[in-house]
Structures are given as C-alpha cells and as structure tokens.
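A short write-up of the structure that comes next.
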Amino acid sequence: MAERRLVAVLGQVQTYVFQLEMLKRCDPAVVRELAPRVKLNALMCRYLARRLPLEAQTTPLTCALRLALAYARAEGDRVLGALAAAGDDAEAYFERTMGGACRFHARVALDTYGGRVETELQFLHDAENLLKQLNYCHLITPHAVDLSAVDEFLARTIGGGLVVPPELYDPAQPCAVCFEELCVTANQGEATHRRLLGCVCDHLTRQLAVRVDPEDVAKNLPHVHGLDEARRGRALAALAAVDAAEAREAEAASTAAAGAEAGDAGETARRRADALLDAHDVFRPASRRLYAVSELQFWLASTNQAVRALDLFTHNLDDLERRERRAEVRAAAVELALFGRRPEHFDRARAARELDIIDGLLVGGCAASPDERLEALIRACYDHHMSTPMLRMLDPDRANRDALERLLEGGDDADADGGAAGGADAGDGGVGDEDGPGAPPPADAVAWADLPAAALRDAERRRRLYADRLSRRSAASLAQCVREQRRELEKTLRVNVYGDALLHTYVAVAAGFRARRAFCEAAARAGTVVDERETGCFDAHSFMKATVQRHPVDAALLPAVTRKFFELVNGPLFAHDTHAFAQPPNTALYFAVENVGLLPHLKEELARFMVARDWCVSEFRGFYRFQTAGVTATQRQAWRYIRELVLAVAVFRSVFHCGDVEVLRADRFAGRDGLYLTYEASCPLVAVFGAGPGGIGPGTTAVLASDVFGLLHTTLQLRGAPSR
C-alpha cells in the first residue's frame, strides 16, 4: 500500500514538473493568471520533502521521487522569481527561466585511495559510464565518497520530468543493458564490441509513440471550462471560416491540377490510346500494334499505382510545412476570437528567427508527428536521388509514354497484320525488355540505308542497359543506407522519455556504499567491540602467519577460492551471482570489467591472479594500506590484499578445523557470522560472532582489525580449536 501511494505521489509531482516546463515557455501574462496554483504546488512540494523520509531509503521509486521533488522545488521558485522580476516582458522572462549557462554540464571529483579523479558529465551516458567506473573501482573508494555532484546532475535530468532534451543523450553510446542484451543474442560470429558500434541505445531514454491530431482544437474547444459562451461561439465560427477558406483553396488547386493534366501531352496520348482500345472487341483480330498499345497501357497503369502507394506511405517536406502553416492559422483564429490577441509564447518569439529547417525537424511541430517527419525526410532523400539525370532518363513511366506516342503516330490500326500472332510475338515485358515493343529489329533485317539509324539505336540501347545497371546499384546502396540510419533517425527525431536503466544503476552503486557505511556503524555499536587496529599483538600475527605459510594451498580448493576472489573484487552493480537463477561470480565480474573497457592485459592478469606463489603481502597491522599513486596501481594492490585474505582463510580452515569461517562482503550483510571485508582503509576487516536475524545486536561480538593474521588468531581463540 505504501508503494502504491508513493507511485501516486510521484505521478502528481511529475505532472506538476511538466506543467512548470510548459509555464517556463508560456507568455508571462498567461503565467500570471496561474501563479496562485503554482505557489500552492510549491508549498506542497516542500511539505512532501519534509514529511517523507526519502533520504534514508535507497530504492528506485524513492530515489525518483526525491529527485523529482528537488527539481520541482528549484524550478517552481525559478518560475515565480522570474515572473516577479520580469513582469510582462516576455524576453526577460524567458531569459530568467531558461537562460544562463547550460545546466547539463557538471564537474565531478571523486577521492579514491589512489588519488583524486575528475571528470565532466554532459550526457546521460557520461553519468552511467562514471557509475560503472565507480562500481569497478569500489574496492579502492571509501564509503564516504562524495556523490553530491552526480545526484545534482540526476536531479536536473531525471528529476526534470518525463521528456528528455535532445542535447542530453547520444544514441550511439551503448549502455550496460545494451551490452548484456548483445551477450545473450546470436552474434553470427561477430564480436560483441564490433556489434556495439552499430547499437542504438534505447534504455537510458526510451522512444515514445506520439499521436498528433490536427483537429484537437476543434474537438476540445466546445468542452473547455471557464470560457465565455459568446467568445466560444466566435472561436468556433472562426474555425469554420478557416476550414471553408481552406476547402475553397483545395478545390481551386485541384481544378488547376486537372486542367494542367488535361493539357499534358502524355495525358492526350493516353486518351487517344483509350479511344483506340475501346473501339476494339473480342470479335475483331488484334494487330501487333494494338497489342503493343494495350501492353503499354498495362505498364503505365501499374507504374502509377506503385507511385500512388508510395505517396500514401509518406509525405513531402513541403506538405509538412503546409500543415504547420494551417495549424498556425487555426490557432491564431481561435486565440484572436477568445483573447483578442496572440500570446507571445517562447516558440513564437524565438523559433521564427532562430530555427532553420534542420532545427525544425529536430524540434517538431504541432501538426505532424515525429514518425511523419521521419518518413518525409526519407522520402526527400529518395526524391533527391531520383532527380539525378541518369535516373530521370531511366524513368520507365516516361519511356512508356514516349513509346505510346510513337505507336499512336505510326498510322491506322487496320493496316496491321494479323491478330492472333500479335500477342505471342509482343512478349510480356516492358519497354526496357529486349523482346518488348521498343526493341530494335534483328541486324540482318535492317536495310543498308538504315544502318546509321540502327547503330544509333543500338548504342542508345546499350547506354540504357549500362545506366540501368548503375541505377540498380545506386538504389540498392541508398536502400541499405536508409536501413542502417533509420534506427538512429528514429531515436533522434522521436520524443524520448527517461528510462529506468540509469536510475537503477545509480541506486545500486549508491546503495552499495551506503550499506558499507551502515555495516561499519552497526559494528561499532555491537554489544561487545574488540578493537585490534591499534592494540593487536605482534606475537599472534607472527605465529599465525608462520603457521599459514608452512602449509601450501590445496589445489582442489583453487576453483572455490578463485570464485570467492571474483565475488569480493566485483562491485555492487552487477549482482548476477545473487539472482534467483544465480550465475558464477566470474560472470558478474565479466560484465563489470567489460563495461569499463578494461585493457586486455589487465583482464588476463585478473583472470590468473589467484595463481601466485608469494601471496602474503601485508605487514603487521598494514592490511589494506595503500602507498601507491594512481588508480591502476592501487587497484592491483587491492587485488593482492584480497587474494591474501581469501587464501589465508582457506589455509586457516584446512589447518585448524574450527568451523566454517567465511569471508563475506560488508555491503551484503545478511546477519551471518564471518569475516567481513569493508574495503575501508581505516577499518578493513570486521569479524562478527553471534549475529542474529535482526543483524548486529547487544549479544553480538565485533572484532575490528587491520591485520589478517591477527584477526585469524582472535577467531581461533573465540571459537576454540577442537580437541583431537
């Protein structure tokens, strides 16, 4: 029930955020009328932020609500402040609500044990890449890492409503979900990283189908509340007058087109052909010439049908522009009838003088959906391709019309030879076919006087065949280009909303660091706390280290300790080994290292890291102490420390047989006894004994240590070696 209420609250907050984004782009005179409602919603956002304990919870739902409330509070104050400062000056209002430096650029600095790392966030994929890198380097990053810059960036982006600004995402950059999808799908022998080059990410942002109805104003105007009935009637009458004027213009254009078509030579030839064919019936023999005219009519009809189907499939850019102008005229008529003036919204104040045709395609309009703009753009590409001289020369419709005119000018139908053979000899091809009506006669039947004309016809025919071959190749290349670029064009031109991939990534990484901090705080409040970080005995360290080093690691234990090493090295983001259908820890680590682009030699080193002879690397009370600089060197040193811990515990269990001593992660604490690795340089190891289902309580003993072998000696004392 609580989750349902949070979902309902999140929906209301996102609705308010969307309204704020609309008001930031509206005429300030319109915003002034709605200012009291904005103030009430701003107060409600403050009340919710104080009432709901969102900071203490790390779920995607609570995180999304917290980010949305933070954005709503900031932008609500911004709108009200801009309205008070700018008055009715639209330019000043827009400058205060949307002006200034780009809010999608953020500098992030992270402190690790290997030094400070600085980067810049510009896109959503930059934030996701940073979180994946932080997940890989979590073992050299303290739990007190400052993620406030990332949190503010996400509040300005994910918290800023549903619609994603086009400048905020790069669809050519794959995310972790893209990589995982490609890993489980058929690859046809192609490497995953090569397939990623052609990937269009649809996870950080998702495409949304948008339906645009040009008649929305006419449908909704009679049902709008708060309008004076006289003004409503004038607005409806203005719409009717605009529709009548458009109908008259369309009828005049249709009449002019029909007149132009009637005067066309091709249409005249077609009417003559229709009259010639209508005069024939089945009781009269069909001559060769009549059959050729009928065949050309067939090809012309099929070609025109294909063109009409293509015209129904898409529109031209000019058609979209006319539709936008029509919608603008209708909106102007309604606004003048209702309000007596046209509000100076942001798109009207800036779009006319600052946006070109490409910007218009990206931004969109009120009369055409993104899919219609995409289809118009593709149609424009095909029209431009078909307008080349070579392809216009090969236009089959034009060639068939020319052949039809030549046949009709050849003479009367009665002087042709017999009919029955005409159909068999005419063939079933078009004009471009070798045996069709336009094919030249055989060479031996040509008179000597006609040799020059026959040679010219033969050369023209060869030139047409060569051009036809080139045109087929160019058309195939264009079709392939459209297929390859269509997905990216769809992603760019369609409306995109925020997906849940980035939010889940941020919550998983932040929850890992928060769980580590909560474990360390709980261990410090245990019923019995033994702090050996500064009081550890050197004799105990030396005894346990010498004992462990005298015994080699059993080769049969190598697979188990390798899996444990991979489990401890992996970050909190990729938890495939904890799913209901758990995979081995090396699978989760594979996704972690591949998503950060780890170099091949480091991946090979990590895979063979457990095969080592000298694995004892820490000094007395010197476990997880880093003296090196640089992320890679510090990461390698952390691997050595974790390898030492895993192998020392494995040998300890096989030598002393004092129960099942497990090495566990602090960010996955589930009330189990064992040795916990906290990844904190100040307190890297915590041994927990007597933990219950509720976690660490008054009856729990927690041993805080910074020495592996001293902690193993304390574990031996607390558990006691069995008598033999």
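The backbone N, Cα and C atoms fix where each Cβ goes, and this holds for glycine too.
Feature annotation from Swiss-Prot assigns zinc finger to 175-203. Listed by sequence, the residues of this chain that lie at least six past the ends of the zinc finger (175-203) yet keep a Cβ under 8 A from its Cβ atoms are 125, 128, 132, 169, 484, 487-488, 491, 499, 501-502, 505, 573-574, 591, 594-595.
Sequence annotations record features per position, and here Swiss-Prot assigns region 'Disordered' to 410-445.
For 419-430, the entry in Swiss-Prot reads compositional bias 'Gly residues'.
His657 (ATP binding site) falls within neither a helix nor a strand when secondary structure is assigned with DSSP, and so counts as coil. Marked as ATP binding site by Swiss-Prot: Phe652, Arg653, Ser654, Val655, Phe656, His657, Cys658, Gly659.
Taken together, the residues in the zinc finger (175-203) have a mean pLDDT of 85 on the 0 to 100 scale.
The residues of the zinc finger (175-203), classed with DSSP into helix (H, G, I), strand (E, B) and coil, number 14 helix, 0 strand, 15 coil.
Same-chain neighbours of the ATP site beyond Phe652, Arg653, Ser654, Val655, Phe656, His657, Cys658, Gly659, judged by a C-beta within 8 angstroms of the site's C-beta center, are, in sequence order, Val661. Sequence-distant contacts of Gly659 (ATP binding site), defined by Cβ-Cβ distance under 8 angstroms and a gap of at least six in the same chain, are Arg719. For the recorded site, Phe652 (ATP binding site), the DSSP three-state label reads helix. Taking each of the binding-site residues Phe652, Phe656 in turn and counting other Cβ atoms within 10 Å of its Cβ gives the largest count for Phe652.
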